[in-house]
């Protein structure tokens, strides 16, 4: 099937749900070659200026979920994640925001991998902080109960990714897997904040999230091509609440923040990003903290810990300034290594 799919994509034709499912099933089953996988991923990501279609994403996601380890957490978990592929090289905003949300009483199940098209992925950052990222499903549930946060290392829970992981790294640009990662969290989140790299994806991925069981969430796109709620531009948001959708545009100024440049939010190596995370959770002020407050504030609102995003931002600041967020990080490190 993959050969026929590549020809179809090269001819700028969209795949149906069933075709996308069949191809991803072959890839995840190890039935294709590395060359075919690279050709498929490259062709699919460049087929259209509007990125992959909803059917292509949903079909690929369904096949990938079937090949993954699923974890029964017994609780409504939350995930904050960006698709990556925005080439912004920002520090780990989602990871830092996740720690604040966990300190605020949410059950946060992060799901990620090492960097594919950036310098430092979620796994790289957490590892540099001292977190043991190689955890069993049982240990992850323990972490959720004791700390409020766990990390599902994609390599461990999506073992079939071994067929495409090295290829993603070699290609160095975003592929459909940037979208699929956030849609295939082993903990099946009931709440999610998903940042995307393309404005076209905002409403379609909100619909996909609902079909996957998300009750409350947001799909966000920073208008400066950032896969987070942006501090350097307005952000398009599609909010999900029990099956309904509402699309709005927000700006940093709406919440009393000054705009910054994307350069102000740049990160670096895993070690450099780990220091940034600790500095922010330790109370350091500045644009990076503000970016975390915006994203953590939205998270706390989604999780029902605040009645509005504005209240969520105020709560996020209180959590950091009280030392609870840093305590949560240290507890995550301790329990993950015990």
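Each residue, glycine too, has its Cβ placed from N, Cα and C.
As given in Swiss-Prot:
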type	residues	note
BINDING	82, 113	anthranilate 1 binding site
BINDING	82, 85-86, 90, 92-95, 110-118, 122	5-phospho-alpha-D-ribose 1-diphosphate binding site
BINDING	94, 228	Mg(2+) 1 binding site
BINDING	168	anthranilate 2 binding site
BINDING	227, 228	Mg(2+) 2 binding site
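Considering only the binding-site residues 82, 111, 114, 168, the residues lying within 10 A of residue 228 (Mg(2+) 1 binding site) on a C-alpha to C-alpha basis are 82.
Spacing of residue 94 (5-phospho-alpha-D-ribose 1-diphosphate binding site) relative to residue 82 (anthranilate 1 binding site) is 7 Å (Cα to Cα, whole number). By the criterion of other Cβ atoms within 10 Å of the residue's own Cβ, the least surrounded of the binding-site residues 90, 94, 113 is 113.
Inclusion criterion for the binding-site residues 82, 113, 168: a C-alpha placed within 10 angstroms of the C-alpha of residue 90 (5-phospho-alpha-D-ribose 1-diphosphate binding site); this criterion is met by none of them. A Cα-Cα distance of 11 Å separates the residue listed as 'anthranilate 2 binding site' from residue 114 (5-phospho-alpha-D-ribose 1-diphosphate binding site). Between residue 111 (5-phospho-alpha-D-ribose 1-diphosphate binding site) and residue 82 (anthranilate 1 binding site), the C-alpha separation comes to 10 Å. Of all the binding-site residues listed here (82, 113, 114), 82 has the Cα closest to the Cα of residue 227 (Mg(2+) 2 binding site). In the three-state DSSP assignment, the secondary structure recorded for residue 114 (5-phospho-alpha-D-ribose 1-diphosphate binding site) is coil. Secondary structure at residue 168 (anthranilate 2 binding site), as computed by DSSP, is helix. Spatially close to residue 82 (anthranilate 1 binding site) yet at least six residues away along the chain are 93, 94, 182, 194, 195, 196, 197, 227, 228, judged by Cβ distances under 8 angstroms. Annotation note: residue 228 (Mg(2+) 1 binding site) sits in a coil segment as assigned by DSSP. Between the binding-site residues 111, 114, 168, 111 has the most other Cβ atoms inside 10 Å of its own Cβ, all protein chains included.
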